[in-house]
Amino acid sequence: MAPRSSRGIAPAMLCGLSLFLGFPGLVWVQISVPPQSSPHTEPHPCHTCRGLVDSFNKGLERTIRDNFGGGNTAWEEEKLSKYKDSETRLVEVLEGVCSKSDFECHRLLELSEELVESWWFHKQQEAPDLFQWLCSDSLKLCCPSGTFGPSCLPCPGGAERPCGGYGHCEGEGTRGGSGHCDCQAGYGGEACGQCGLGYFEAERNASHLVCSACFGPCARCSGPEESHCLQCKKGWALHHLKCVDIDECGTERASCGADQFCVNTEGSYECRDCAKACLGCMGAGPGRCKKCSPGYQQVGSKCLDVDECETAVCPGENQQCENTEGSYRCICADGYKQMEGICVKDQIPESAGFFSEMTEDELVVLQQMFFGVIICALATLAAKGDLVFTAIFIGAVAAMTGYWLSERSDRVLEGFIKGR
């Protein structure tokens, strides 16, 4: 393969890179993508560049391992010295840098391939860290560790120890982000250098801070014990350095509905529904009612269900009363069913006969078929010379002939033939 010429950074390439990468002096242009039904967050270009460099370095290790591994050491050293910085090796590495489905990696590689070639053939010795040279210095997609934003400003707490080591600096290592510290649980402040709400300083020196949890209801404290509270969380009151639960149900802080009652809980309260028997209540059950609901009556200290069925409340004939909780309903007595608003006798249907669902005409046809079979049997016996059966046969034929010649027979036969 003929060696590729190192052409440097062509102006056309710079314009292409500016669309994706944002060189100094050029405007960062974000290519808009039509909104999709499920939003997809693309990785920051710095992360794509870091992934490309990591894959490139793995490719360097793979190509050395696959091509050399035992045999004549002198021969390998000679060949390795020629292969190590060759274009052949570079092509082998670049072919495996991006996975087939990683579109961002392929796009970045296409736009920066000449830069990678320039580093490979000319810059390796003076800039051995490809990530620093390509992603930070050349493409300006990334920032050094502990810095963020277009100008690579130090994160709160300093670049050496961003966020004091107790949080994450948003955008750290990239040309984006706000630099805001997202502190770990228990830590707070601009650079996570203070203990957060509900925590106290268990240990502190020039470079080290340990924040431990206060006793449960304490918002601020001087130590872990119950008596170390300096400020209480909502729902608690400070009393002699201890946080005591406030009974909101005994104050105007509780706000429950007319048909609810208040139950105090630690640091708060709950509103629960009154019993069905109550119109307003002071607690759970029918014995804590302020007033009884319709359908209930005061019996001693409780609101109990009124049995309306003790009086004649169902005037309908064949009706009977059924008491329900707080009310009643009228139902039909046994052996009756409701039909059009009244209770009627529930007639038990008789057992259906074998021919009960057949029409009259269908029965007539069935009769004709039956008599036809009888006549055939008689004809068979008459053919044997039996005079008695011969006489019966002649009479049956005469009777059937008269029927079939009748008007009714014509109508039945016509309906049977036509399927009516």
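Even glycines carry a Cβ here, placed using N, Cα and C.
It should be emphasised that the depicted structure is a prediction, and the values quoted were computed from it without experimental measurement.
According to Swiss-Prot, the feature disulfide bond maps to C46-C49 (among others), an assignment based on similarity to another entry. In the three-state DSSP scheme, C46 (disulfide bond) falls into the helix class.
Counting every protein chain shown, the Cβ of C155 (disulfide bond) has 29 other Cβ atoms within 10 Å. Look at Swiss-Prot and you will find C155-C169 (among others) tagged as disulfide bond.
What Swiss-Prot lists as disulfide bond is C163-C181 (among others). DSSP gives C181 (disulfide bond) a strand state.
Look at Swiss-Prot and you will find C183-C192 (among others) tagged as disulfide bond. Spatially close to C183 (disulfide bond) yet at least six residues away along the chain are C163, Y166, G167, G189, C192, G196, judged by Cβ distances under 8 angstroms.
Annotated disulfide bond per Swiss-Prot: C278-C281 (among others), in sequence order, evidence recorded as similarity to another entry. Listed in sequence order, D259, F261, C274, A275, R288, C289, K290 are the same-chain residues six or more apart from C281 (disulfide bond) with CB atoms under 8 A from its CB.
Per Swiss-Prot, the feature disulfide bond maps to C309-C321 (among others); the stated evidence is sequence analysis. Counting only residues at least six positions away in the same chain, the Cβ atoms of E308, C309, V313, C314, Y328, R329, C330, I331 sit under 8 Å from the Cβ of C321 (disulfide bond).
Under the three-state DSSP scheme, C330 (disulfide bond) falls in the strand class. Residues annotated as disulfide bond in Swiss-Prot: C314-C330 (among others).
When other Cβ atoms within 10 Å of the Cβ of C332 (disulfide bond) are tallied across all protein chains shown, the result is 19. Residues annotated as disulfide bond in Swiss-Prot, with sequence analysis given as evidence: C332-C343 (among others).
What Swiss-Prot records for 153-193 is domain 'EGF-like 1', and it gives sequence analysis as the kind of evidence. Same-chain residues lying 6+ beyond the ends of the domain 'EGF-like 1' (153-193) with a Cβ under 8 Å from its Cβ atoms: 22, 44, 46-47, 140-147, 199, 207, 209, 211-213.
Mapped onto DSSP classes, the domain 'EGF-like 2' (305-344) shows 3 helix, 20 strand, 17 coil. Residues or ranges marked as domain 'EGF-like 2' by Swiss-Prot: 305-344.
Cβ environment of N205 (N-linked glycosylation site): no same-chain residue six or more positions apart lies under 8 Å away. Feature annotation from Swiss-Prot assigns N-linked glycosylation site to N205; the stated evidence is sequence analysis.
Here Swiss-Prot flags 208-255 as repeat 'FU 1'.
Marked as repeat 'FU 2' by Swiss-Prot: 268-315.
Sequence annotations record features per position, and here Swiss-Prot assigns signal peptide to 1-29 based on sequence analysis.
Look at Swiss-Prot and you will find 30-362 (among others) tagged as topological domain 'Extracellular', backed by sequence analysis.
Taken from Swiss-Prot, the feature topological domain 'Extracellular' covers 406-420 (among others).
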Here's one to test understanding: among the disulfide-bonded residues C49, C181, C278, C332, C343, whose C-alpha is closest in space to the C-alpha of C155 (disulfide bond)?
C181
Nonlocal residues around C49 (disulfide bond), in sequence order (Cβ under 8 Å, 6 or more apart):
L108, F131, L134, C135, L139, L141, C142
So for C46 (disulfide bond), how many other CB atoms are inside 10 Å of its CB?
23
Specify the nearest of the disulfide-bonded residues C181, C278, C343 to C46 (disulfide bond), where nearness means the distance between Cα atoms.
C181
Which entry in the list of disulfide-bonded residues, C163, C169, C181, C330, C343, has its Cβ near the fewest other Cβ atoms, using 10 Å as the limit?
C330
Please compute the mean pLDDT of the model over the repeat 'FU 1' (208-255).
94
